[in-house]
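Annotated in Swiss-Prot:
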BINDING   L67, G68, S69, G70, N71, G72, G73, T74, V75, K90  ATP binding site
DOMAIN    61-326  domain 'Protein kinase'
REGION    1-37  region 'Disordered'
REGION    363-409  region 'Disordered'
Amino acid sequence: MADPFAPRTMKRRNVKGLALTPAAPKPPPTAENAPIHRDSDQHAQLEIGIEFNLDLRPEDLEVIKDLGSGNGGTVSKVRHIPTNTVMARKVIHVEAKREMRKRIVRELQIMHSCNSEYIVTFYGAFLNENNDVIMCMEYADVGSLDRVSRVFGPIRVDVLGKIAEATLGGLTYLYAKHHIMHRDIKPSNILVNSRGSIKLCDFGVSGELINSIADTFVGTSTYMAPERIQGEKYTVKSDVWSFGLSIMELAIGKFPFAASEQLSDAESAPAGILDLLQQIVHEPAPKLPKSDAFPQILEDMIQKCLYKNPDDRPTPEELFERDPFVQAAKRTPVDLREWAFGLMERDNRKSHLAPQLSPATADLLRSSDSPTATYHGDDRPLETPTSAYRVDPRRGPAEGSAGLADQVDRLYIRD
């Protein structure tokens, strides 16, 4: 059986005739948020990081819009003018000498060899005139799962299974093939694009970068395993704790630890964070609330991930290969592209700046030809685990459930 995590071959045929310096670059896109999969050329350009090491220069990156910022830096959607490739550019402010920053950039180049369907494509890294570290990577037009959860609420259980499968697949690939631990698993570092692909970003490939910015990301510490908060050694099982916490957050629509509810977005008092970290270390691990929305095998998986003693936790590979919830998720067909379309369509209603789906695409999503046909043209909310999980056999499928009960039944399979 072929190794599912074997790196993709570097000998790829350049079917689109891509060149680093084309004679006539394509004009910039007219729609700022055009879905990736609607342009086959763009899909091919996204593979360019696999075929080439781009000679990235600041003057070749045209900013389309800012995506976010934090203590550690900023992220923008940009267009690489020579290749007309849309990218996500991350500017990281590093407090270090220039030689150390150069070393960080060199360490980041290993990301060129990380070729997996579960990992964002890396285009390159360099230092700008301010000696900031600049990283360019694949742009995910739907966004992070943190944003999806905040805007749309709890994620339904069949999609949650695919998120678990992709996240564990990415963690297993990184460690098995490159001996890299992610070190920062959380919903904001799990991205989704309009093709329905779920991918990891911001993994700990550069030890120097981790050391340089570790003190600037206070929020990340809330996803740290108890052993890391206490200063003990980081292992791949520390990633498993963060994975379990993230999956629970996406399932219930909020951060699982109760102390987090006492922290407002504007509050920066160290006492609030310290109380939360104390709870993570000393209080019992959170559990999924009792609900028909959550199959027992999901509860069991999360419980295994949140054992306080790391020796009791499984590895990402053990979960990916043998956990009943993940195996059931692998067997459950889910149209993630349609799910992603639904999220973007909801966003389109909220902003006149966002592109609208073409009539042909909307008709396709409404038609019975679509595998699950859950797209709605009206304002009905997206299904959540609690609204679409159970079906009364006397009444048949709930309105809008679109076969979700059948998919959840598959998630109960334990063999």
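If you go along the chain as it appears here, the first residue is 1 and each next one adds 1.
Glycine too: its Cβ is placed from the backbone N, Cα and C atoms.
For S69 (ATP binding site), the same-chain residues lying six or more positions away in sequence with a CB closer than 8 A to its CB are V75. In the three-state DSSP scheme, S69 (ATP binding site) falls into the strand class. Mean pLDDT for the domain 'Protein kinase' (61-326) in this predicted model: 87. Neighbour list (L67 (ATP binding site), Cβ cut-off 8 Å, at least 6 residues apart, same chain): V75, S76, K77, A88. Within its own chain, G73 (ATP binding site) has K90, V91, I92, H93, D132 as residues 6 or more apart in sequence whose C-beta sits under 8 angstroms from its own.
Reduced to three states, the DSSP call for V75 (ATP binding site) is strand. Other C-beta atoms found within 10 angstroms of the C-beta of V75 (ATP binding site) number 20, with every protein chain shown included.
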